[in-house]
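**Q** Below are the structure tokens for one structure; questions will follow.
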Amino acid sequence: MSASSAAFRPAAAMLGLSIREVSQALRDGRVSATELCRKCIDQIQRTHYLNAFITITGETAMEQAQSADNRIRTGKPLGPLDGIPFSVKDNFCTENIETTCASNMLKGYVPPFSATVVQKLLDQGAVLVGKTNLDEFAMGAGSTDGVFGPVRNPWSYTTLYREQSTEDLDSDWAIAGGSSGGSAAAVASLSSFLALGSDTGGSTRNPGSLCGVVALKPTYGLLSRHGLIPLVNSMDVPGIMTRSVHDAATVLRILQGPDERDSTTVQAPSTPPSLPEHFDIRDICVGIPKEYHAPGLSTDTLAQWSRVAAMFEQAGARVQEVSLPHTQHSIVCYHVLCCCEVASNMARFDGLEYGHRSTVDSSTDAMYTTTRHEGFNNVVRRRILSGNYFLLKSNYERYFVKAQQMRRLIAEDFKNVFRSGIDVLLTPTTLSDAARYSDFIQEDNRTRSAQEDVFTQPVNMAGLPAVTVPTALSRRGLPISLQLIGQTLQDWKLLTVAHWMEQQVNFPLIHLHGDSNERKLDRSVRERTPTIGS
């Protein structure tokens, strides 16, 4: 059966609940962890054409779910995530489960340990249902450049999107964003209640935005990077994807804090048990960076940005324009630093210790060279070559040192804005809604990444927390999201504001073509959702 005709069959209403709601249902006995796990695995299999998953851990997941049931039955749950199914981007190490980074280089690699953030979830009783698809070694903005093929955006299979299309939906589908597109698609398609991604220049927030889920990039150092296969050590952050801000806060409280295996981690500030249900937005000052009115910003996205800014103002918050003058140089600076650290990090993949090894054995040099040519795709090889060029003795001062100096100026811009009394910044997350795959691949990876990361990567350069929240559907029926940026280690305050914003915009749960109650549900979406152009 084709993807478009199979579409999404009715999914149990339980899969659309928040973590808080389903956790209570588990404790009340309205559903068991094993039943919930089976529903998620069935949903993964029903939506296999999204290509969101690389590995499905069905047998292990059912064992974990059974253990959760035993604990809950005896009144001894480990916490709010006990029995909750989750998925993990396939660049996080998972003990005894293959970890590929969507690359030939790591096909067959089975780590002997789990990443700290993964282990923390497992220790809380969460149930790992699978490893999700991505761009190779997380280098991309569409989840289209991995060896397992591109990820499809679940919103491509809604009635609202289909009504806008005159072409075959098996070929006319939108990208999920990247590089954590599989994780975003898993949460959006109701296959997981939460997912881990990685965020180096926007790789959690970009797909979160395009797939209509909440995506949090915490303050650098708040979450451990141990076991996250590195892209750019100085910017990599584990990201959290959920269907609500409250759920993201729940996961953050569990994952945050120091780790002796990651020297960059910091002590988390004390936080209350949950986000406040009632919050006086009049105490907040929202900054609107004028430099984020970037070329290529769609009219739909601009309309949402203006609408939500007005929403803050009408509710009594102070809204004022601010300036981040060095933003215009950020994407070039990011590219230089990213390539430099990629060249360093990728040096470990030599075919000698683990991962792919070429059969060419005429010499060690020949084996090493052929291994890397066979193991890496063109995108990775180009970034390695660029990084090595920037790091040449003759180029070091001109490129790497200058980029580091510019990075400091970019970070200082944010500090100056926050010193002036701004609490959070409100910006677009992406230039537009999700591009059609056939249009997206017309540009090379470098160009696409520069376009898609323009609003997200400055935050990584400065180490700040940021969260993207879906706000409306575009004329094409695809999600549009906005980004909130906070001050260092004020992630909880950021999420509090984001929670308030989420409640005002009332973004709908996805209902996909083929659901039994499709007409009723689709009418509900139309009535509740601020759709551009309506």
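Backbone N, Cα and C atoms are what each Cβ position is placed from, and that goes for glycine too.
Under the heading domain 'Amidase', TrEMBL lists 35-495. Residues or ranges marked as active site, charge relay system in TrEMBL: Lys89, Ser179. Sequence annotations record features per position, and here TrEMBL assigns active site, acyl-ester intermediate to Ser203.
In the displayed structure, how are the listed features positioned relative to their neighbours?
**A** Sequence-distant contacts of Lys89 (active site, charge relay system), defined as residues of its own chain at least six apart whose C-beta falls under 8 angstroms from its C-beta, comprise Lys131, Thr132, Leu134, Ala138, Ser180, Gly182, Ser183, Ala195, Leu196, Gly197, Ser198.
In the shown protein chains, 37 other C-beta atoms lie within 10 A of the C-beta of Ser179 (active site, charge relay system).
Listed in sequence order, Ala138, Ala141, Gly178, Ser179, Ser180, Gly197, Gly239 are the same-chain residues six or more apart from Ser203 (active site, acyl-ester intermediate) with CB atoms under 8 A from its CB.
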**Q** Across the domain 'Amidase' (35-495), what is the average pLDDT of the model, as a whole number?
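**A** Over the domain 'Amidase' (35-495), the predicted model scores a mean pLDDT of 96.
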